């Protein structure tokens, strides 16, 4: 039992550190030599990378951030499907999945490498959803894309998707740990967007493709 608990703690630490890899921050440093937290919306997420560094960089950051969530859940499944580590109780699998999912999401938004700052955890949460249930992920993504099609406001689309994911999870009758993740991650994404909510209510939230203040010259950046 002690060995199993230590293994679980190690998994939580590993997935937190995985989530903490500051993809958007590194992109800013490598491409323009800037701290992206000082530009645009100050976030290290893909939306601010798009506005600050351009589309190719944003696509790369988005893909890597999604892969963080995918790999966190995949790591748990790999341990349960193999015999290369001490066996963990089968009853723990879904709850351990919940644990690593929360850890990787927190790592993305509260990176130890950035003094506990970071992105808003939307992309990493989506990566987790793809591993929990493909229909859950596709339904949530469809909600996001529908809202962004009509409003062109990324933050509003993320907030609506964070609410909708709970209804989709309930409709799919997912296990309690998965329902817990959709609720906790959904609430967390909304909280992370609190300043965006203020701007939405004031009618000042920038739309996709609009310029924002404090965006550096991208001349020469692909």
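Each Cβ is built from the backbone N, Cα and C atoms, and glycine gets one as well.
Sequence-distant contacts of the transmembrane segment (4-24) (same chain, six or more residues past either end, CB-CB distance under 8 Å): 36, 43-46, 48-49, 60-61, 64-65, 68, 71-72, 75-76, 79, 85-89, 92, 96, 99-100, 103-108, 110-114, 118-119, 124. The transmembrane segment annotation in Swiss-Prot covers 4-24 (among others), and the record cites sequence analysis as its basis.
Sequence annotations record features per position, and here Swiss-Prot assigns transmembrane segment to 56-76 (among others).
The transmembrane segment annotation in Swiss-Prot covers 87-107 (among others) and is backed by sequence analysis. Beyond the ends of the transmembrane segment (87-107), by six or more residues, the same chain brings 4, 7-8, 11-13, 15-21, 68-69, 72-73, 75-76, 79-80, 118, 121, 124-125, 128, 132, 175-178, 180-181, 184-185, 188 to within a C-beta distance below 8 angstroms of the stretch.
If you look up Swiss-Prot, you'll see 130-150 (among others) marked as transmembrane segment. Within its own chain, the transmembrane segment (130-150) has Cβ neighbours under 8 Å at 66, 69-70, 73-74, 77, 97, 101, 156-158, 160-161, 164-165, 168-169, 172, 174, 178, 181-182, 208, counting only residues six or more beyond its boundaries.
What Swiss-Prot lists as transmembrane segment is 153-173 (among others), and the listing cites sequence analysis.
Within the chain carrying the transmembrane segment (174-191), a Cβ under 8 angstroms from the stretch's Cβ atoms is held by residues 94-95, 97-98, 101-102, 105, 109, 120-122, 125, 128-129, 132-133, 136, 158-159, 162-163, 165-166, 168, 197, all 6 or more beyond its ends. The feature transmembrane segment is assigned by Swiss-Prot to 174-191 (among others).
Long-range contacts of the transmembrane segment (56-76) within the same chain: residues 11, 14-15, 18-19, 21, 23-24, 27, 31, 45-47, 49-50, 93, 96-97, 100-101, 103-105, 107-108, 119, 123-132, 221-222, each at least 6 residues beyond the stretch ends and with a Cβ under 8 Å from a Cβ of the stretch.
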